[in-house]
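In Swiss-Prot this protein carries:
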{"type": "BINDING", "residues": "LEU121, GLY125, HIS126, LEU127, SER355, PRO356, PHE357", "note": "(6S)-5,6,7,8-tetrahydrofolate binding site"}
{"type": "SITE", "residues": "HIS229", "note": "site 'Plays an important role in substrate specificity'"}
{"type": "MOD_RES", "residues": "LYS230", "note": "N6-(pyridoxal phosphate)lysine"}
Amino acid sequence: MMFNNENYKDYDQELWEAIQAEEDRQEHNIELIASENMVSKAVMQAQGSVLTNKYAEGYPSKRYYGGTEYVDIVESLAIERAKKLFGAAYANVQPHSGSQANAAAYMALINAGDTVLGMDLAAGGHLTHGSPVNFSGKTYQFVGYTVDKETEKLDYAAILKQAKAVQPKLIVAGASAYSRQIDFEQFRFIADQVGAYLMVDMAHIAGLVAAGLHQNPVPYAHIVTSTTHKTLRGPRGGLLLTNDEAIARKMNAAIFPGLQGGPLEHVIAAKAVAFKEALDPAFTDYARAVIANTAAMAEVFAKDDRFRLISGGTDNHLFLVDVTKVIENGKLAQALLDEVNITLNKNAIPFETLSPFKTSGIRIGCAAITSRGMGVDESRTIAHLIIKALVNHQQPEILEEVRYEVRRLTDAFPLYKKN
């Protein structure tokens, strides 16, 4: 029976309305969640292609199904572009997410029950770096390293001392809420001192690495994992990289057949488009603008003694702010800013004293507003609007003023719609 529902707007009105509402939200909200970005229409078109119909267990030229000659071309393009982008000898573009990429890296390098040294979640790490509620913390014996209490930056001497004490089989470098450059060469030195593997999760900074604006972990890590969205500005998905042939075989086997079945070739096609975009010199300009916008926004908070900028600043696409002098906690700050169409997230800060469901801080990222074309001036304006809303959170008329200014900004920098 042939389809008679070619237009989903007519066929599924409820779904269409929900998607239209989300499109409107994205158009008229200022997006500051550090793990989010805005993809190009080319990326969306590739992801919405007929490749969604094709099952392709295995890898290019080694499939378990027929009719894969064209998806082999697509996946090979994505692999070669990823290798070129990050200077890696081997790449796997099949992980459905960054979490699955991390799971595959663990499977490739260590065994269940082995000791792993990873960044503590409260210090800026990720759930998959050993949180007890996550598969990583349930499967492996994670020990968390943190930041220096005074500087709130990584203390490599302290991490080396801790590594010598716990003798991990694997050290995980990388973060989801750390605003400073990470020295991967130092991490490799530490790993070598204790005979451990080094895994780098560069999910948040992959776009900055691709642009040459952050040290590339590929020459230092045994395995590098990443997402393909965030600063890389591709579809939601994962990526694995290595320069070691033996490890490449293990990581590929960990993804398939270890963790996944058929790859999502339509998403892989979108990854290929995003990698091509990131190879364009214009992407470096974009990444530079992300860093400049983030620094400009952070500076506004740094100059206001009602707020505390964690670690005193930022080197990348994000920063953390302690908001407890002006509002009870980060959860309330997040909810309040949602009301004025500014989207960000509550976030624990180093040595957090509040519940992770409340937190003392908020996390702010500038990748998405930069994709809209906003610059340093707009970034400073947004910072002032956030401060105005938080300081006056019990004054509805002022919150309405902020909401109006947010709408003026988003109208001036449309995302997909044209004014």
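Using N, Cα and C of the backbone, Cβ positions are placed for all residues, glycine too.
In this structure, the C-alpha atom of SER355 ((6S)-5,6,7,8-tetrahydrofolate binding site) lies 29 angstrom from that of HIS229 (site 'Plays an important role in substrate specificity'). Cβ neighbours within 10 Å of PHE357 ((6S)-5,6,7,8-tetrahydrofolate binding site), excluding its own Cβ and spanning all shown chains: 9. Cβ neighbours within 10 Å of HIS229 (site 'Plays an important role in substrate specificity'), excluding its own Cβ and spanning all shown chains: 26. Between the farthest pair of Cα atoms in the (6S)-5,6,7,8-tetrahydrofolate binding residues (LEU121, GLY125, HIS126, LEU127, SER355, PRO356, PHE357), the distance is 17 Å. Cβ packing within 10 Å was compared across the recorded positions HIS126, LYS230, and the lowest neighbour count falls to HIS126. Separation of the C-alpha atoms of LEU127 ((6S)-5,6,7,8-tetrahydrofolate binding site) and HIS229 (site 'Plays an important role in substrate specificity'): 18 Å, rounded to the nearest whole number. GLY125 ((6S)-5,6,7,8-tetrahydrofolate binding site) is surrounded by 25 other CB atoms, counting those within 10 A of its CB over all protein chains shown.
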